[in-house]
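Copied over from Swiss-Prot, here are the features:
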TRANSIT   1-67  transit peptide
REPEAT    206-236  repeat 'PPR 1'
REPEAT    244-286  repeat 'PPR 2'
REPEAT    287-322  repeat 'PPR 3'
REPEAT    323-357  repeat 'PPR 4'
REPEAT    358-392  repeat 'PPR 5'
REPEAT    393-427  repeat 'PPR 6'
Amino acid sequence: MSATRSTFLGSIFRTAKARILISPIARRSLPSPNFTSSRFHTSSSLRQSRIEGSIPRSFLPSIHVRFHSVSASTWFSSRRTSSQGRLASVSMYIQYSTSVPTRSLRRRISNRKKSSAKPILNVSKFHETISKLPPRFTPEELADAITLEEDPFLCFHLFNWASQQPRFTHENCSYHIAIRKLGAAKMYQEMDDIVNQVLSVRHIGNENLYNSIIFYFTKAGKLIRAVNIFRHMVTSKNLECRPTIRTYHILFKALLGRGNNSYINHVYMETVRSLFRQMVDSGIEPDVFALNCLVKGYVLSLHVNDALRIFHQMSVVYDCEPNSFTYDYLIHGLCAQGRTINARELLSEMKGKGFVPNGKSYNSLVNAFALSGEIDDAVKCLWEMIENGRVVDFISYRTLVDESCRKGKYDEATRLLEMLREKQLVDRDSYDKLVNVLHKDL
């Protein structure tokens, strides 16, 4: 009976001693050591006791972190054996993990600290900039002062100071240069404050100003905010604020730059298609960049037939001739689906117009020809790619060597590796990897 009582009192003593080391904020959030919240499990023999909110003595010197609320994510547990042989289990939620954080986690923490760190205003430089302005300065003179200033945070305070001056009103030039300064410095919260001021004034705004706002919102990843600015332009009664072809270019580029996931591109492609239809219905003639955005979007979302339809309509319907980017997008999409016949036809048409495929198109052709068993065409395309100064990636070399061995052309694969080594087209590490591929297939 005395041993049981001493074990129970020792557990409570350890709990009280551990709570001394916990901050008052965390102490209020932790459960109190009673029978309901701390969940003491007492059996007839009291062989095991589980205490929430306590720390074993062996861990007390090594833990120097501040404990926070129960919303902390890591479960810290430890077991220790008492001198009498009894087992005590101790567990607690803490905010930090004992494992080393990954590189991506460290990068996110660093970026979060940089974004949350508030810049400090240089007061002397601020007063010096104000002193250079004339007594009755105009918005153009303020815009020139903001342009010459390198500190974007000082520009933001200078803009706000000018807003408080009597008989001064901002115009498009001062709004525009301030937004460009803050957007280029990635001070999006301060930029958003100025954008709200622009939207609150009806007679302020033009196409260049709103295009810059949309551009920097897309750079910040705020697509919804950018689309709302676009809708404001469409419904604006000021004709100078209506969207132009450049506005649609910014939105197309932002929507199609969301990654290489075909499902994500399929979702965003619906928005691109509706924007393109709205652009045509509003009387804006699409140019080759807008049409290439459609072709690229269809290729990224694996709708190559729709991309070919736009390609055939470019000169007939929209009076735009396809350029090298159009052919590069289509060749890559056709090769990704293994349609080497159509890709070869487009390649011949592209060369007939004097265009040279880029490295991505050549690599796609080499891989597609090799995977379809056309080894000779793949090797020919490879040497043509090297002659045109395009960079061959390691995947193309490996695919060509691997598929040559599958077809039983070991001599051709060996000869290709020797030529690559003699012309120093691959480094030593890549050459050894290709030799291992050849020996593995042998």
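Glycine is no exception: its Cβ is also placed from the backbone N, Cα and C atoms.
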Rounded mean pLDDT for the residues that make up the repeat 'PPR 3' (287-322): 95
Helix-strand-coil residue split for the repeat 'PPR 2' (244-286), DSSP-based: 31 helix, 0 strand, 12 coil
Tally of residues which DSSP labels helix, strand or coil - the repeat 'PPR 6' (393-427): 26 helix, 0 strand, 9 coil
For the repeat 'PPR 1' (206-236), distant same-chain residues with Cβ under 8 A (at least six beyond the ends): 172, 175-176, 179-180, 182-184, 186, 188, 191-192, 195, 198-199, 242-244, 246-247, 250-251, 253-255
Long-range environment of the repeat 'PPR 6' (393-427) - Cβ separation under 8 angstroms, sequence gap at least 6: 359, 363, 366-367, 370-371, 373, 375, 378-379, 382, 386, 433-435, 437-438, 441-442
